[in-house]
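K.L.:
To start, I am sharing the structure in question, which I have written as structure tokens.
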Amino acid sequence: MTNMMKALVKAKPEEGLWMERVPLPEIGPNDVLIKVRKAAICGTDVHIWNWDEWARKTVPVPLVTGHEFVGEVVDVGSAVTEYRIGQRVSGEGHIVCGHCRNCRAGRGHLCRNTLGVGVHRPGAFAEYISLPQHNVVAIPDDVPDEIAAIFDPLGNAVHTALSFDLVGEDVLVTGAGPIGIMGALVAQCVGARKVVITDINPGRLALAKKLGVRHVVNAREEKLTDVMRKLGMTEGFDVGLEMSGSASAFRDMIDVMNNGGKIAILGIAPTGFEIDWNKVIFKMLHLKGIYGREMFETWYKMIALVQGPLDISGLITHRISADDYREGFAAMRSGEAGKVVMDW
């Protein structure tokens, strides 16, 4: 093994990413060195490519990007006991402090000192990545590499969907991006009654239908009240999963929620927006923000789901070499792709 590797780097404070040779990551006593097999492009990576306001405020330059991956252990620190060389693994992309109140209470996903892999520290768009052993997750033999490579966004979907009891409930998902589609499929898998997903992008809606979401709605062409009437719903949705970051979608969701309904909010809006808080109050709605994955309960549940009834393979629309990364980012930026997985 040489001391240099190929990596996709945010090398300059401007639009784009660049393939460069960078030093191999060093590992400490508690770290695991992983040879990356496959890595997927996330919406966060697109923000970093675009160098938008969030990226400019958040991402240090230069930085190896990427955080959705699967790979193989090639070296371990002297204190690592849980992982062995040759083992297939992925990793939790949020590095937590371990000493704040939430971490000490077992709520690491709420750590106030979280560092993001590929956002604050070197990431997975590289031949190798180093992670603390606490963040490494073993991948079962019956889970394919390309599915393990998208566990990070699947975890977002699972965390959001399983925030509330869904058995026998009517569920509205706003936003048919990859995470929204996976959230809808999870809801169906665990026993929701009616699951409706909305978007205004025909390509995304077609992908949702292809993957098996039962009720797919173009919000520009059909009113949710009409959809509810067709489905025999008389009182509104019990659970909402907001995956779009769209002000109009969120307002529409509030309008059609049943009294006492629960909304899990993962979609990030580009700017702040107003909602009618009187509706939230008088409907007695429960709003819950979602960030990342519960460590590590979400990982256990999503692995069990893909080993069982949940098939998300159709969500991967582009399989490319890492050298063709520009093509992959173009597909993601077009809004027409599902998941783009790169071979390293």
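From the backbone N, Cα and C atoms, a Cβ is placed for every residue, glycine too.
Annotated Zn(2+) 1 binding site per Swiss-Prot: Cys42, His67, Glu68, in sequence order, evidence recorded as sequence analysis. The active site, charge relay system annotation in Swiss-Prot covers Thr44, His47 and is backed by sequence analysis. What Swiss-Prot records for Cys97, Cys100, Cys103, Cys111 is Zn(2+) 2 binding site. Under the heading NAD(+) binding site, Swiss-Prot lists Ile179, Asp199, Arg204, Leu266, Gly267, Ile268, Ile290, Tyr291.
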K.L.:
When a 10 Å sphere is centred on the Cβ of Ile290 (NAD(+) binding site), how many other Cβ atoms does it contain?
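P.N.:
Step by step: centre on the Cβ of Ile290 (NAD(+) binding site), count other Cβ atoms within 10 Å, giving 20.
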K.L.:
Compare the C-alpha of Cys103 (Zn(2+) 2 binding site) with the C-alpha of each of the recorded positions Cys42, Thr44, Asp199, Ile268, Tyr291, and give the closest one.
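P.N.:
Result: the closest of the recorded positions to Cys103 (Zn(2+) 2 binding site) is Tyr291.
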K.L.:
Expressed to the nearest Å, what is the distance separating Leu266 (NAD(+) binding site) and Cys42 (Zn(2+) 1 binding site) at their Cα atoms?
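P.N.:
About 14 Å separate the Cα atoms of these two residues.
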K.L.:
Could you tally the C-beta atoms, other than its own, that fall within 10 angstroms of the C-beta of Tyr291 (NAD(+) binding site)?
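P.N.:
The answer is 14.
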K.L.:
Determine, using Cα-Cα distances only, which of these recorded positions is closest to Arg204 (NAD(+) binding site): Thr44, Cys97, Cys111.
P.N.:
Thr44
K.L.:
Show, in sequence order, which residues other than Cys42, His67, Glu68 on the same chain lie with their Cβ within 8 Å of the centre of the Cβ atoms of the Zn(2+) 1 site.
P.N.:
Ala39, Ala40, Ile41, Thr44, Asp45, Gly66, Phe69, Gly93, Gly118, Gly123, Ala124, Asp152, Pro153
K.L.:
Using Cβ atoms only, which residues of the same chain lie under 8 Å from Cys111 (Zn(2+) 2 binding site) while being at least 6 residues apart in sequence?
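P.N.:
The answer is His94, Val96, Cys97, Cys100, Asn102, Cys103.
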K.L.:
Roughly how many Å lie between the Cα atoms of Asp199 (NAD(+) binding site) and Glu68 (Zn(2+) 1 binding site), rounded to a whole value?
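P.N.:
A Cα-Cα distance of 25 Å.
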K.L.:
Specify the nearest of the recorded positions Cys42, Thr44, His67, Glu68 to Ile179 (NAD(+) binding site), where nearness means the distance between Cα atoms.
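P.N.:
Going through Cys42, Thr44, His67, Glu68 one by one, the Cα closest to that of Ile179 (NAD(+) binding site) is Cys42.
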K.L.:
Please name the residue among the binding-site residues Glu68, Asp199 whose C-beta has the most neighbouring C-beta atoms within 10 angstroms.
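P.N.:
Highest number of other Cβ atoms within 10 Å: Glu68.
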K.L.:
Which Cβ among the binding-site residues (Cys42, Leu266, Ile268) has the fewest C-beta neighbours inside 10 Å?
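P.N.:
Selected from the binding-site residues Cys42, Leu266, Ile268 on minimum Cβ neighbours within 10 Å: Ile268.
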K.L.:
I'd like to know which of these binding-site residues, Cys97, Ile179, is least surrounded, judged by other CB atoms within 10 A.
P.N.:
Cys97
K.L.:
Checking your reading of the structure: which of the binding-site residues His67, Ile268, Ile290 lie inside a 10 Å Cα sphere centred on Thr44 (active site, charge relay system)?
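P.N.:
His67, listed in sequence order.
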K.L.:
State the Cα to Cα distance, in Å, between His67 (Zn(2+) 1 binding site) and Tyr291 (NAD(+) binding site), rounded to an integer.
P.N.:
15
K.L.:
As a test of the contact definition, list every same-chain residue at least 6 positions from His47 (active site, charge relay system) whose Cβ is closer than 8 Å to its Cβ.
P.N.:
Trp54, Ala55
